[in-house]
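Positions annotated as transmembrane segment by TrEMBL: 20-38, 66-87, 107-132, 158-180, 192-208, 214-232.
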Amino acid sequence: MPELPDQPLIAHLEALRNALLNMLYMTAALYPAAYWITPEVIDFLVRWSCPPEMGQLNYFTPMEVFIARLKLALVLALAAAFPFNAWQLWRFLMPALYESERRALKWWIGASTLLFVMGAGFCLGTILPLLMRFSAGFATPNLKPVIGLAGFLELSGWLLLSFGLMFQFPLAVILAVRFGAVRVETLRRGRPYVVVGILILAAILTPPDVVSQLLLAVPTWILFEIGLLIAARQQKRREAAAAAELDDAVLDVYRQDNEL
């Protein structure tokens, strides 16, 4: 382990408490500004996602808009505070990590954040508008869509979160192989079961229609294959390095025997 000052448990708990409080203070400080811009965010989501034939959004209870804005503001404040909050956690964990572990953790945090943003961006740019147009396609002269604000925001938030999390699949594969939980060969043999699992997760995380489920499942499967390729290369390099170390050890023993 790295050299750490001899501190009692209460000191580490106090440091964790201070980090969590700083994260809370930053999120609370950003909350008013986040609430202030919620009308513009809602207007952007509606204009970007909803086709003209769907009409305008509606609210059905006196407090629905206010509560929806409060929830949306919390999401925006958490997103804006994420860099600071991640830095606070990093400061708390850094003294207990080796230099190599610090570099690895930086890489994983950066990759995870990038994949989450890619997943949410893919959903916002493609899936959400497509899903709303698909929904509007059921309208008839005697059947008009009446979409509530709260329901629209909940659907949008759930889809963005689902795609962001499902895009973490390559990292999950790489980590599982890296720490020896499973081998690449096992994942390749079990590929049909992985695909079924992805379809089940997509069915759970998306609305109950085949279109949105496939739009989540197909990119996730592609990302799984990419993660599998990266994990296979890393596994091959680790095994080659281990074999080289074993050869060196055997050679050293042979030389020592000859000297005797």
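Using N, Cα and C of the backbone, Cβ positions are placed for all residues, glycine too.
Predicted automatically and left uncurated, TrEMBL annotations should be read as such.
Non-local neighbours of the transmembrane segment (66-87) in the same chain are 22-23, 26-28, 30-31, 33-35, 37-39, 41-42, 59, 109, 113, 149-150, 153, 157; each lies 6+ residues outside the stretch with a CB under 8 Å from one of its CB atoms. Within the chain carrying the transmembrane segment (192-208), a Cβ under 8 angstroms from the stretch's Cβ atoms is held by residues 131, 155, 158-159, 162, 165-166, 169, 214-217, 220-221, 224, all 6 or more beyond its ends.
Long-range neighbours of the transmembrane segment (214-232) within the same chain, counting only residues 6 or more positions beyond its ends whose Cβ lies under 8 Å from a Cβ of the stretch, are 115, 122, 126-127, 130, 162-163, 166-167, 169-174, 176-178, 184, 187-188, 194-195, 198-199, 201-202, 205-206.
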